[in-house]
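Engineer: This is the structure I want to talk about, given as structure tokens.
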Amino acid sequence: MTSSGKIRIYELSKDLSLDNKDVLDAARKLAIAAKSHSSSISTLEANQIKDFLKKSKTINSTSKSSNKLDKQILSVKKNPVKTQKDQKTEPKKKNHDQTELSQAKLNTLLKPSQTLIKNQDSSQANNQKALKNKFPAQQQITAPSKPNKPLPPNPRVEVKPTISKPLTQAESTIPQSEQKKDGQFINQPKRSELAKKPTGQPQQINPQEPKRPLAPPSRPKIDIQDKKPLQPNNQKAKTRINQGEISPQKVGQGNIQKIKSQNKQNQPSRTPQPPTKGNTLELVGAPIRREKPVNKPHTNEVRNKPVMPSRPGAPKPPAAANRQGLSNRPGSNNKIGGTGRPGSQNRQGPNRGGVANRTTQGQNRPGGNNRAGAPVRSGSPNRGGIQNRPGVPTRSLGGPNRSNNRPGVPSGMRKPVAPSELMQLQKPQARPNAPQRKTDSPTSPRPKRENSTGARPPVNRPTPAAPKKPAHRPGGTAAAPRRTGRPDWDDSAKLDALRNKSPQKQRQKVHIIGENDDALTAERGGFAGEQQAVVLSASLARPSKPKVGKRNNGKPLTALKKRKKETTRQRQRRRAMELRAAREAKLVRPEMIVVPEDNLTVQELADMLSVESSEIIKSLFFKGITATVTQSLDLATIETVAEEFGVPVLQDDVEEAAKKTVEMIEEGDLKYLIRRPPVVTVMGHVDHGKTSLLDAIRKSRVAAGEAGGITQHIGAYQIETEHDGSTKKLTFLDTPGHEAFTAMRARGTRVTDVAILVVAADDGVRPQTLEAISHARAAKVPIVVAINKIDKEGSSPDRVKQELSEQDLLSEEWGGDVVMVPVSAIKSENIDKLLEMVLLVTEVEDLQANPDRLAKGTVIEAHLDKAKGPVATLLVQNGTLKSGDVVAAGPVLGKVRAMVDENGSRIKEAGPSCPVEALGFSEVPTAGDEFEVYPDEKAARAVVGERATDARAARLAQQMASRRVSLSSMSGQASEGELKELNIILKADAQGSLEAILGSLEQLPKDEVQVRVLLSAPGEITETDIDLAAASGAVIVGFNTSMASGAKRAADANGVDVRDYEVIYKLLEDIQLAMEGLLEPEMIEEALGVAEVRAIFSIGKSAVAGCYVTNGKIQRNCRARVKRGKQIVFEGDLDSLKRNKDDVKDVSTGFECGIGCDRFANWEEGDQIEAFKLVTQRRKLTN
């Protein structure tokens, strides 16, 4: 009890010695809230539950005692027990009476349904008492207490459980009070009792045990639910027995014969035969097989399961309950291979998995012997009533109802029926006693069995209609001669066994009903109206085609589907082969391929070689290179792959970028050509004075304002000079001399008319000088050499001429055709002479253009201005550019809003050879692209759309340049560990600057650290760039650009490192230092001192060396290397260092000390101890 005065359910159940479940059930009935055994209830509620449970116990004990009293009173009338020998001779009489009662029960089916309910109990009692006196031996055996009770079925609402009581032989020998107890069978076990019994350990049965005759003779539990009550004459007999008017012996002999004769009058296909005692004894006598008497272990459990009250229409019990050999059905007791006829004791059918002893159940069902397709056996009784009526449904064990004797249905073949639809149709009468059949029925005779106890005349059957398809037998009709020795419906049993073996197959076929089921409805007209309605609905629900037809139709469909799938695969393979063959036929290998810029992606190389990209990837894989279709290949790898396919590779010349690709003058312009100013490009090595020379020409100070004193853009200027008494215009392009600006120099050369090569007199020819020479030659422009810095000490113009002559640039003074002018940009010496020479060279070139047409030219430089937007430096090469013109520069569309000259003055139009800055582009155009003016925007958009694809491909190639795969640098470090990467977001002021920086980054060593440029674009640094850097862990590098509003605050909030540079030298240097910082530091040795061992002191197991420091100093806990001669005998930590028995940190040169190492004690005099320490050193990037 709880502290609050309440009591828990489990405590109450413990006090009452009951289960918690019983107490909870009582609480629920009394509406007391108790959810589980731990629920608490008050003391008042506990008392209510106690009173309720006491009343329930009193009621139960009273009903049990009354039932027990009735049982005892009725059992007084039982006859003495027969001996085992008498029991074995009894089957003939028992079988006879079973036949009579089976015939009598059939006639009750033809009565209205009201009679069924009223007369059931009386007819059962009548038959029970009649058989009790007829078989006294069995009465005595079945007298013992009620051990094994079958599982009761689920109750139905429409019929009470007591109405449809099965009338079997075992129950006919038991009084009514013994058979029923509170509406339930005495011998019927509860579910809990059945669950407790292990199925694998049943009892062994022998003939003397009292449970043996309890086995019902006719059907398992499936048949019991279909039992029909007897006719009213049996009810009267039962009433008279209960009233004591007649004795059970009279009912057993007289009334059964009356019932048998009455039922024979109702048989549709036979003339009734007067039942005589002699005939009954002769025909009912069943042969007793004793060939293989075996007691099966599971006999009791299976035999008692059929004794279960079922009601018409009740749900069918599962078939597995009775499929353990079906040996315990009535009439098939302990006989292996027996046919299970009523009256044959100690027989048990063989256990077949899933088939459940078809021969036994076929013989044991009422009417089973005489249906179409079943054999007529001499040793089995001829059953009357329902045995030979066409259309009477019979059931296989646990399977669906089948009508086996309908006209037109093949013999030996059962058609499955939906269990829920035709439950009312199948009412096989499993009465133990059925009247004998008339021997003159038109059925074929069946041979006698060897062990038959009496001679039996051949039994004839009515000839059924010819089946539509002879199933499993050579003989197609039921009237064909039966085979001797083996029932010819075994084939049907095998078929049903296959159907019942798998429940899924049974459910799939359960709704397939033959088209002849309508005959069943017509012949079973005696059913009640609700039963006819069920038949009608089942008839309407069935498919129109017979089962055989559906089966035949299903097979071709399945085969067709298989063929279709195979055809689809074959078709796909065939099409793939055809496409491959067509592709190979169309593809023709080129004679050679030209590789631009020394790299191609895998897909581009596959397109050039006219092969599949997978072939390229496979070839690379066999060489140890794992590549994708978008990765770039270097020239060496491309040559190796191309050689496999037999195609030579030609390297695209470096000067290709400097060639003039577009002719600015068209045929329509020839009539309107006038002379135009020349475009002069100043080229040379860095710091050789190009911008200073232009300043001297322009008489301005541009070089002084440049960051770091170097040019990082193309500067376009137009000047006027006096020549031959007239003013001439010259357009100068100043290109960067740094090695990173190769693309800029190439673009400047492509649009130029004359190239001025500036060479410093004190430095001579340098790498960028050679590059400028190659660019000028590729553009096929004349070269004028300006030897600068002649005013400096140590200058040697002749040495410069000598070096240039080695590059095939021979001075006019030395007999060549190249003009060389010594100048001094600082002192403005010989500037006029240089300009005069340039004008003379351009006059020879005869430069012309048409100013009266739409402008065409080249984008020299482009950048994104924070205030103005995209700004492009345009060089007009033909025509005249005006404000408002629609311009298409590569894939970029724009409309000129304003134009500014080199001095910042706004102009409205620009003629040939005039450089201007134009505003109004939708985005920053690419430097080096040609621009053209179109008459309207529609025509310009059409051209821009076509160029967009090429531009995207170019950008992709640029982005994939960092992922280039080569044979020489194959990322072998990837196998050792993950390759370190430095992520960079690059923003610059102009497109040319981006190209220069990206080109320089490509030159950095990438063996251990890879530089990944996530984004490179001209313009200012925005918040979007900050977010990208924060998400990817990148560093933002700005070159001559600024940060947008809010970008600085976002960078501080996200912790993004933003670096801004004005000189490309510093930018590249910092990026290289950052890459080196990602490298693992290396450890190097730093020598400390040397000591010599002069004495050895043993201390326990170890030893200490007495040393003299000869060089440097010895420190405690440093690393020590012990050398004996030239051999190193030990290297490890120096653990102890003492001087005069005191621990010291270090000992300097000239002092003695004691040195001890924990891991070394094998000292010898003369050993040298080298002391050193390991320090980390930053690694450098190496190629």
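Yeah, the Cβs are placed from backbone N, Cα and C, and that goes for glycine too.
Here's the feature list from Swiss-Prot:
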- 55-512: region 'Disordered' (REGION)
- 83-99: compositional bias 'Basic and acidic residues' (COMPBIAS)
- 100-143: compositional bias 'Polar residues' (COMPBIAS)
- 165-177: compositional bias 'Polar residues' (COMPBIAS)
- 220-229: compositional bias 'Basic and acidic residues' (COMPBIAS)
- 231-252: compositional bias 'Polar residues' (COMPBIAS)
- 253-267: compositional bias 'Low complexity' (COMPBIAS)
- 288-304: compositional bias 'Basic and acidic residues' (COMPBIAS)
- 324-349: compositional bias 'Polar residues' (COMPBIAS)
- 357-367: compositional bias 'Polar residues' (COMPBIAS)
- 485-499: compositional bias 'Basic and acidic residues' (COMPBIAS)
- 538-574: region 'Disordered' (REGION)
- 544-553: compositional bias 'Basic residues' (COMPBIAS)
- 560-574: compositional bias 'Basic residues' (COMPBIAS)
- 675-847: domain 'tr-type G' (DOMAIN)
- 684-691, 734-738, 788-791: GTP binding site (BINDING)
- 684-691: region 'G1' (REGION)
- 709-713: region 'G2' (REGION)
- 734-737: region 'G3' (REGION)
- 788-791: region 'G4' (REGION)
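Looking at the shown structure, can you explain where the listed features end up?
Structural biologist: DSSP assigns D687 (GTP binding site) to coil, not to a helix or a strand.
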Engineer: Near the Cβ of D687 (GTP binding site), how many other Cβ atoms are there if near means within 10 Å?
Structural biologist: 16
Engineer: State the residues, same chain only, that lie 6 or more residues beyond the ends of the region 'G4' (788-791) and have a CB under 8 A from a CB inside it; answer 'none' if no residue qualifies.
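Structural biologist: Residues 688-689, 692-693, 758-763, 797, 822-827, 829 contact the region 'G4' (788-791) from elsewhere in the chain.
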Engineer: Let me know how many other Cβ atoms fall within 10 Å of the Cβ of K690 (GTP binding site).
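Structural biologist: There are 29 of them.
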Engineer: Using Cβ-Cβ distances, find the residues under 8 Å from I790 (GTP binding site) that belong to the same chain and are at least 6 apart in sequence, listing them in sequence order.
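Structural biologist: Residues satisfying the criterion: A761, P797, P822, V823, S824, E829.
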Engineer: With DSSP as the yardstick, break the region 'G4' (788-791) down into helix, strand and coil residue counts.
Structural biologist: 0 helix, 1 strand, 3 coil
Engineer: Quick one: give me the count of other CB atoms within 10 A of the CB of G684 (GTP binding site).
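Structural biologist: Other Cβ atoms found within 10 Å: 28.
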